[in-house]
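Taken straight from TrEMBL:
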type	residues	note
DOMAIN	1-33	domain 'NADH-Ubiquinone oxidoreductase (complex I) chain 5 N-terminal'
DOMAIN	50-95	domain 'NADH:quinone oxidoreductase/Mrp antiporter transmembrane'
TRANSMEM	6-25	transmembrane segment
TRANSMEM	32-49	transmembrane segment
TRANSMEM	55-74	transmembrane segment
Amino acid sequence: TATMLFVVTSISTVVHIFSTAYMEGDPHVPRFMSYLSLFTFFMILLVTSDNYPQLFIGWEGVGLCSYLLINFWITRIEANKAAIKAMLVNRVGDIG
């Protein structure tokens, strides 16, 4: 758990720093950073879970945030298609 927590927080820190520079000037930065931070929260919840309900909430949260991040630019048709595809793959993975 400690190793995964270190990996998740390290990668998340780098992604947040890069995103701040990459998204500079975009009017939707607060929404993007909210999605990214929520994704990080659910990933930390997932890797630190010690029971099935917490694991389930973390897993579902990561899936939902993945959808939101992929579909960030909602006016782009390809982003919509990719987000729906990712959500379907996650749902199929949930079934097993």
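In case you wondered, yes, glycine gets a Cβ from its N, Cα and C as well.
Counting residues of the domain 'NADH:quinone oxidoreductase/Mrp antiporter transmembrane' (50-95) by DSSP class, helix then strand then coil, yields 38 helix, 0 strand, 8 coil. Each residue of the domain 'NADH-Ubiquinone oxidoreductase (complex I) chain 5 N-terminal' (1-33) gets a DSSP state, and the totals for helix, strand and coil are 26 helix, 0 strand, 7 coil.
On the 0 to 100 pLDDT scale, the domain 'NADH-Ubiquinone oxidoreductase (complex I) chain 5 N-terminal' (1-33) averages 95 in this prediction.
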